[in-house]
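Per Swiss-Prot, these features apply:
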type	residues	note
REGION	1-73	region 'RNA-binding and homodimerization'
REGION	180-215	region 'CPSF4-binding'
REGION	204-230	region 'Disordered'
REGION	223-230	region 'PABPN1-binding'
MOTIF	34-38	motif 'Nuclear localization signal'
MOTIF	137-146	motif 'Nuclear export signal'
Amino acid sequence: MDSNTVSSFQVDCFLWHVRKRFADQELGDAPFLDRLRRDQKSLRGRGSTLGLDIRTATREGKHIVERILEEESDEALKMTIASVPAPRYLTEMTLEEMSRDWLMLIPKQKVTGSLCIRMDQAIMDKDIILKANFSVIFNRLEALILLRAFTDEGAIVGEISPLPSLPGHTEEDVKNAIGVLIGGLEWNDNTVRVSETLQRFTWRSSDENGRSPLPPKQKRKMERTIEPEV
């Protein structure tokens, strides 16, 4: 096993532990707590894949971080922080909407890249909106935290989430996954639309008027343009 892979996992485990202690003191905001839960699932998946114990990895990660901090001057730390662009975290869903459990009468699931798509194909003739929490950097979608499909009544009927065991996905991965989800839901005559915020950062405007590059019908309600793959 590559030593960099192991040490990276160890450092991630320790940094998660520090963030958890911070959250235990009720100091974290909603995006912070959301990332904490997502990263916990990711670490469990990576630990299982690598065959490493998380507690042991956390202790080793602490030693690595302490060694780095001993060698790091305050001035070097300031320069490092200043040179790293900070992503923005955009929330279209409340904490309750993100953490709510939901059931599927006719469950369908598909994995595309490192994203898992789930939907209830028992849903028919509904108006559905896709909302997501995600991070943005340089005006581009950086990472999807969670996307869910809601009916007008507020019921959850589908979602796209990163697989904990396969970290990392691209903007194209997200667009492809959204296309699959829309195709599956529209197969049962549901009308699906994507939130304006998600459209703006996933399908960035490319014309001189700043309009979304989606065709008019697709922009309005993301008409059925993709055959269902789920």
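The first residue you see is number 1, and the count goes up from there.
From the backbone N, Cα and C atoms, a Cβ is placed for every residue, glycine too.
Within the chain carrying the motif 'Nuclear export signal' (137-146), a Cβ under 8 angstroms from the stretch's Cβ atoms is held by residues 34-35, 38, 85-88, 93, 98, 115, 159-162, 169, 171, 174, 201-202, 204, all 6 or more beyond its ends. Residues in the region 'RNA-binding and homodimerization' (1-73) partition by DSSP class (helix H, G, I; strand E, B; coil) as 61 helix, 0 strand, 12 coil.
Per DSSP, the secondary structure of the motif 'Nuclear export signal' (137-146) breaks down as 0 helix, 8 strand, 2 coil.
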